[in-house]
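These notes concern the structure reproduced below.
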Amino acid sequence: MRPALALPLAAGGLLALCALHLCVGARPLSPAIVLDALTAYDPQDYRHVVVVRQRLTRLVVALGVGGMLAVAGYVLQKVLRNDLASPSTLGINAGAAAFCVLGLYLFGLSGTALFWPALLGAVSSLACTFAAAGLVGRGSRDPINLVLGGAMSGTLFSAAATFVMSLDPDRFGDVLGWLVGDIGLFDYQSLLTLWPAGLLAVGLLLMLARPLDLIALGAEQAASLGVDPRNAQRLALAACVLLAVLAVTIAGPIGFVGLVAPHVVKLLVGETGAWPIALSGLTGSAMVTGADILARLLLAPRLVNVGTVLALFGGLAFLGLVLIVLRRRAA
């Protein structure tokens, strides 16, 4: 499919999904009521409060978190030349979450203040992943080695988070849902302090789209065309880590979006240019938005964490991707 056609189709589908998200729930609301709440908000009308203060907030978080994770996953797969790379499989999410738990326990941090420990944890975990992959593969570039390194690192940091939480279980009661993936914890004011960094990171990755395409053809050829392969790859990795950290800070370590969405995009439009980056963002946003619709309907009026819904479907998709990679290696 041509990217120029795929992008507007994806955008239109996402808009329809957004409208559905605002209308459905434990108490369905008509499109007319939703439109009235958005254009003439009345704080005395409970239906308006539900739309603007609950559903719209969750929708904004779902769009942003899903888009950031998917973009990060797509670029990680391209830079590392590994179809199984994503913020979750490389241990980035687990490291960020573990340091958030530690920041809460030691310093009482919460909300947007968790960004800094999350950033430190993500960098630490990614370094552990690369180190473990090097030890396992002994210099081999087999993609499975990197995933094994990510599994080791993720398990280590997840265990550390569990240990810290066991020191004071009552204090971490509200954190359990966040550790699974919860998009209902932030308000608009908090989100405004984090979105600019995410937009800058996505903008940087869009600018790096052509250099990354040239690097994929070969480092020497890219250098002959004026591209510094190492600097471009480092900038791309840094932007991906930043996007993952922002997503974890807002909604916890949601998995599989950064793994599955890029493969959907690559099947549709390939891997050349900036189009797949933008389309990955739309696809990731649609995945989390759709998952939140299911999360609010499955056991209504009770809420299921969106991370749980994504894990149910993402686990099957991950198994399929592993089988594909193994078949390619055996061929």
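Each Cβ is built from the backbone N, Cα and C atoms, and glycine gets one as well.
Here the transmembrane segment (56-76) has Cβ contacts under 8 Å with residues 14, 18, 21-22, 38, 82, 85-87, 90, 183-184, 186-188, 191, 195, 198, 201-202, 205, 208, 212, 236-237, 239-241, 243-244, 246-247, 250-251, 254, 257-259, 261-262, 265-266, 276-277, 280-289, 291-292, 306 of the same chain, all six or more residues outside its ends. Here TrEMBL flags 56-76 (among others) as transmembrane segment.
Marked as transmembrane segment by TrEMBL: 88-108 (among others).
The transmembrane segment annotation in TrEMBL covers 114-137 (among others).
According to TrEMBL, the feature transmembrane segment maps to 144-165 (among others).
Residues annotated as transmembrane segment in TrEMBL: 185-208 (among others).
TrEMBL lists 235-261 (among others) with the feature transmembrane segment.
The transmembrane segment annotation in TrEMBL covers 303-326 (among others).
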Should the transmembrane segment (185-208) and the transmembrane segment (144-165) be scored as in contact, given a threshold of at least 3 Cβ pairs under 8 Å and pairs 6 or more apart?
no
